[in-house]
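J.: Have a look at the structure that comes next, please.
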Amino acid sequence: MMRPAAQQYVVTRPLYSEESFAQDHEKIYRHRKTMLDHVKQYFTCDTKRAKNTALSLLPVIGWMKAYRFKEWLLGDIVSGVSTGLVAVLQGLAYCLLASLPPWYGLFSAFFPVIIYFFLGTSRHISVGPFPVLCLMIGSAVTRLVPDEGPAFNITGFEGLTRDEQRVLVASSVTVLAGIMQLAMGVLQVGFVVMYLSDTLVSGFTTAAAIHILVSQLKFVLGLEVPGISGPLSLIYTLEIIFNKITSTNVCDVVISIVIMVVVFIVKEINDRFKSKLPVPIPIEVIMTVIACGVSYAFDFKTRYGIDVVGYIPKGYEAPVAPNPQIFQETAVEAFPIAIVGFAVAFSVAKVYSIKHDYTIDGNQELIAFGVSNIFGASFRSFAASTALSRSAVQESTGGKTQVAGLLSAVIVMIVTLAIGFLLEPLPKSVLGAVIIINLKGSLMQFREIPYLWRRDKADCVVWLSSCIGAFLLGLDLGLAVGLGVELISVILRTQFPRCSLLANIRGTDIYKDRKDYINIYEPEGVKIFRIPSPIFFANIEFFRNKLVEAVGFNPLRVLRKRNKALRMIRKLLKKGKLQWTSIGFLNTSCGPINESEDESNMEELDQPTDFKDFPARIDWNAELPANIVVPRVEIHSLVLDFAAVSFLDISGLKGLKALLKELIRVEVEVYIVPQHTKLHDCSFFDDEVQSSMFYLTLHDAMLHILEKHPEPTQKKSDYEKIITSVTAHHPPGSLRSRDRNVGISLKLCFSLSMVFEK
């Protein structure tokens, strides 16, 4: 840490207003592109741009040219095999969340991976089923094809079994979500995912974890529970489970508990000794193989009546066309699926891109996932994204590129084509237990609530709203609720910002909130007001009210009172009841003079005070004749700190100009720091509001005020030290001659000189 003396600096320069600074320092003119220029540039094509476009649409060309076979191939092979085994297990397990036959999960772990290999920009994420998306798919599936009762009347359902109808719904929803992702990628609107804050996603995924947990209870307990979708579906599902709790299959419960305990312990070992283990122990795969063998050897299905995976057909099915009528029925569900799928994948990809120092393209990721989902759904897979646990396996086992992802797809293909029958005796309770134990990370996010409440209550409200909304209303409506609350919180923060009065930290050129510091300097008659947000139509009235509260008077009310007083004084002078003398006004009336309540010509009261027919200007802070009372204005200068004002709209400009005029008309000098470029573009200035009120820094404005309104002698001694000049010193010969001519030199050990000279 540097010593305090080494952190001080002194600089000498003129006092600058914006006008004087512009005169001394010439600005570079920059041509601003119009909308037409951007459109022309977008549609302009040449050889270089065509090549760049091809490379951006097929990122595999770029990284394959730089592929280091000797260094990366072995790691990709080990990673691909490890990830493939996990992908097989998760494909079977997560398919239960989508209310589909388990083997369709293998399709989702294969087809999207192939497309992402060519189109994706991330080298480390493992593409495939994601539990939250599977649950959202399952919600749409069970709504259109419920477990009990008839399916929706949709053309194309005729002659299909219930499972085939559900597969058609899942593939159609996936195609629609893929189309939405592809359209957003082509239109370059990948930025929309930025509206899903980490807080919102955390609350949403926590609620999704609860939904997933409840949905797997029926497999863990061995109960037959119909799928329920819509608001309060979680409550209704729990009610059914508790009503049927006496029918629990003890064998399923024992298997699930054993699986969860063993997997939990080994996962903790993996986390604690990950620096010493060459690869994480694939405990889920090991326990699945063991459970599958034990179930086959002891014939669990027949002897204990447990539900198993059952028949897994070999090979792949013929492509299927999506159903347009299902598009109409599921458009509301497809959009959040598209957004959540991309948001999760992009977040994970961004983590690994930063860790391994390469860039990812959000719009290209949208295109990659859009095409992956459209292509995969044609072969009966469902919406793909990435699972953090699977991506962690791919990265931690040595995966360097998507070659590892391609090899994992090969492993899945081998299982699908050749050895899938070995998984037929696998109990579904094992898959349910694996899913539940992998929810630990999501459920532990509840620990964020106290932290968020202490740090930022608005973010805590967003977290709770998205979590409770998704918990009670379902994932699609819950996401909408969370997004709505988040946008409202942003609006409220900008509409009602924390405005403050600033004061000079004595002996420096630094200005801070006067409530936060003790050793401050506030010249008499000067206020410095800071607004830390844009000024626009929604908060201009709030800005005005806060400023009136800060200065202690309403300028419009004071102006009207003064003009009414002038009107009355003119009448009294005309009638001879008042006379002007060298010592002021003299009341020549015998009795008291009452103030007139004439309210005619109210528009004139808002105009600047006019002293043209008066012998002298009136001191409004002195005692006035004829019982006239006008509110006093205790300040002579107001500095507005607009450093944090990022933009002003037309309503904000109009309101600001009206407020400035009111202040100027009551003889308050207004200074604004710094100047906003939009003010020149919108003809903001006139005879009253002039560009000379803008200063470069708060300190420049304050020094100008102190020069124009000197402090009384008896008070000046208390505040002698305010920084007015800074000179920096540098060792001889360390600066070029041109730099010396500027009059600023630097020294390794800086010294501070703070002397106020009148």
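Keep in mind that glycine also has a Cβ here, set from the backbone N, Cα and C atoms.
I grabbed these lines from TrEMBL:
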{"type": "TRANSMEM", "residues": "73-97", "note": "transmembrane segment"}
{"type": "TRANSMEM", "residues": "103-120", "note": "transmembrane segment"}
{"type": "TRANSMEM", "residues": "166-193", "note": "transmembrane segment"}
{"type": "TRANSMEM", "residues": "200-221", "note": "transmembrane segment"}
{"type": "TRANSMEM", "residues": "241-265", "note": "transmembrane segment"}
{"type": "TRANSMEM", "residues": "277-298", "note": "transmembrane segment"}
{"type": "TRANSMEM", "residues": "334-354", "note": "transmembrane segment"}
{"type": "TRANSMEM", "residues": "366-383", "note": "transmembrane segment"}
{"type": "TRANSMEM", "residues": "403-423", "note": "transmembrane segment"}
{"type": "TRANSMEM", "residues": "461-488", "note": "transmembrane segment"}
{"type": "DOMAIN", "residues": "516-673", "note": "domain 'STAS'"}
J.: May I ask for the residues of the chain that lie six or more residues beyond the transmembrane segment (166-193) and have a Cβ under 8 Å from a Cβ within it?
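T.: Long-range Cβ neighbours of the transmembrane segment (166-193): 98-101, 104, 137, 140-141, 144-145, 156-157, 160, 320, 322-323, 326-327, 330-331, 333-335, 337-339, 341-343, 346, 361-374, 376-378, 380-383.
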J.: Should anything in the same chain at least six residues away from the transmembrane segment (103-120) have a Cβ under 8 Å from its Cβ atoms, list it; otherwise answer none.
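T.: The answer is 57-60, 87-88, 90-95, 126-129, 167, 170, 309, 312-313, 316, 364-365, 367-369, 371-373, 375-376, 379-384, 402, 405-406, 408-409, 412-413, 415-416, 420.
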J.: Taking the transmembrane segment (277-298) as the reference, which of 73-97, 366-383, 403-423 gives the largest number of Cβ pairs under 8 angstroms?
T.: 73-97
J.: Count the Cβ pairs between the transmembrane segment (200-221) and the transmembrane segment (461-488) that lie under 8 angstroms and are 6 or more residues apart in sequence, then report whether there are at least 3.
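T.: Result for the transmembrane segment (200-221) with the transmembrane segment (461-488) is yes.
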J.: Out of 334-354, 366-383, 403-423, 461-488, what stretch is closest in contact terms to the transmembrane segment (73-97), meaning most Cβ pairs under 8 angstroms?
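T.: By Cβ pairs under 8 Å, 403-423 leads among 334-354, 366-383, 403-423, 461-488.
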J.: Determine which recorded stretch among 334-354, 366-383, 403-423 has the most C-beta pairs below 8 angstroms with the transmembrane segment (461-488).
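T.: Comparing 334-354, 366-383, 403-423: 334-354 has the most Cβ pairs near the transmembrane segment (461-488).
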J.: So if I exclude everything within five residues of the ends of the transmembrane segment (403-423), which remaining residues of that chain have a CB under 8 angstroms from its CBs? That is, six or more out.
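T.: Beyond its ends, the transmembrane segment (403-423) has Cβ neighbours at 67, 72-73, 75-77, 79-81, 83-85, 87-88, 91-92, 103, 106-107, 109-110, 113-114, 116-117, 125-127, 292, 309, 312-316, 394.
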